[in-house]
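The structure appears below as structure tokens.
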Amino acid sequence: MFFINFFSFVVAALALLSTRVFAGAPAASTFYIEKTQTQFSLNIANESFSNDISIYFTSPAYSWVAVGFGERMSGSLMLVMYLSKDSKNISISPRIATSHSEPTFAPSINLTTLPGTGIVDDMFVLKAVCHNCKSWSSGSLPENSNEAPMIYAFGPGSKLQSDSKSAPLKRHYKYGRFTMDMVAARGASGIPEPLAENRGVKVLGTMKRDHDRANLAHAVLGCIALFMLWPINTFMAGFVRRKGIQMGFSVFLMVFMAMSYGLGISVSRQYNHSKSFTTSHQILAFLLIPLLLLIFILPLPSLGNLLSASNILSRLHTPLSYLALILLLITGGLGLHLSSAAPPFIFAYVSLSLFTIFALLIIQTLIWKCGRNRRDSRSNSSSSRGIERFGSSRLGRRSSDSRSAIGTPHSDVNCQGGYRSGNNGRYSPNGGIYGGGTMPGPQYLLNMHPGVPVYPHGGAPAV
């Protein structure tokens, strides 16, 4: 009998203790993801004088993670967690998104962190009270709703470490939606307890993976233009003689550049640090636009007459092209820094840039040598044609002299072998002497030995 009474007493005590424990746990609605052990629990104070919302939020400490109040990003109040700069604590940043872009820090949201907040077993742990989260500039919390819309998101694998509440966020890697019962979350104010299950929550669909295609396309098109099309265009300009093919490929290159520029402008509007277009990457890219247009229009045939007058701009085309390429490569490197690219990508980009510059130097050297050879060939050809023209003119003059000598009744030479023909020649008393090293005149056949005088009338003159 004693044992029966003792057993009944123990059961009653345990039941009373359990009732007190559950009675002491604050009311809460809980969202839980088993795969990542992410938990977001919410308690809404039901006191009429209080606007407090108590939050328990935990997730793996590998990147940023966020939960937002609202059906979509635009106008949503989001609580974003990431590592502090020393990796020993967490940074919690309340933010408001104005569109489908990076949310902006909202300093008006009053959030107080409580003891127990930090890094615990490689997990973010947030215990906090938000004193004015029931309403914000672009929305409010539907505290009387049984299915209030909520969103969540995970950042990419690279760690974000910062003490700043305005730290730049990379685009989310995965995201999803759920609804939360705000009525079930109302009760006495208190931090919710850890719970490994959904309570008062309906998960809408599965977690979706995001793709930053515009940013990737911006980078890929830019790299193709700089590392492939630009060297090919330089090679064609030096070795392809057809202007139509050269211009067509130049247009193809400029189309790639224009597409990369357009995608870059679109991507810039998604992030807080690039929305104002004041980063070094963007400023240098915009400053290069006039230079790229100048390089593109210089080879146009319509400018041929204008350029041939001074030839100054045409000579500047090659150095301007190399200057533009180097500045574009620097711009790309600044873009990698702006996007917080991983070191392997930066190393690969620098290596490709150096290889491209070296390859272009080789191509330009070959172009210069071929051009010099063509100039030498044209010079030799011009000299040969000049010699031929000179010889033809001399031969023409001699033929003319010969014809005038044949048609002249008197052809005389002096004693020194000088020759005069026609009525313009001077008569020499030693007439009848032919030769003296010349061959014009009617006695051509008698002058078989140039330079040796011939005396047709017989005998040499007396000495």
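Note that Cβ sites are derived from N, Cα and C of the backbone, with glycine treated the same way.
Here TrEMBL flags 379-394 as compositional bias 'Low complexity'. Look at TrEMBL and you will find 64-155 tagged as domain 'DOMON'. Residues or ranges marked as region 'Disordered' by TrEMBL: 374-421. Per TrEMBL, signal peptide is recorded for 1-23. The annotation transmembrane segment is assigned in TrEMBL to 216-239, 251-271, 283-308, 320-340, 346-368.
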Ask   = So what's near the transmembrane segment (251-271) in sequence-distant terms, Cβ-Cβ under 8 Å and 6+ beyond its ends?
value = 100-102, 168-169, 171, 212, 214-215, 217-218, 221-222, 224-225, 229-230, 233, 277, 282, 285, 289, 292, 296, 335
Query = Over the domain 'DOMON' (64-155), what is the model's average pLDDT?
reply = 92
Task = Over the span of the domain 'DOMON' (64-155), count residues by DSSP class, listing helix, strand and coil in order.
result = 0 helix, 46 strand, 46 coil
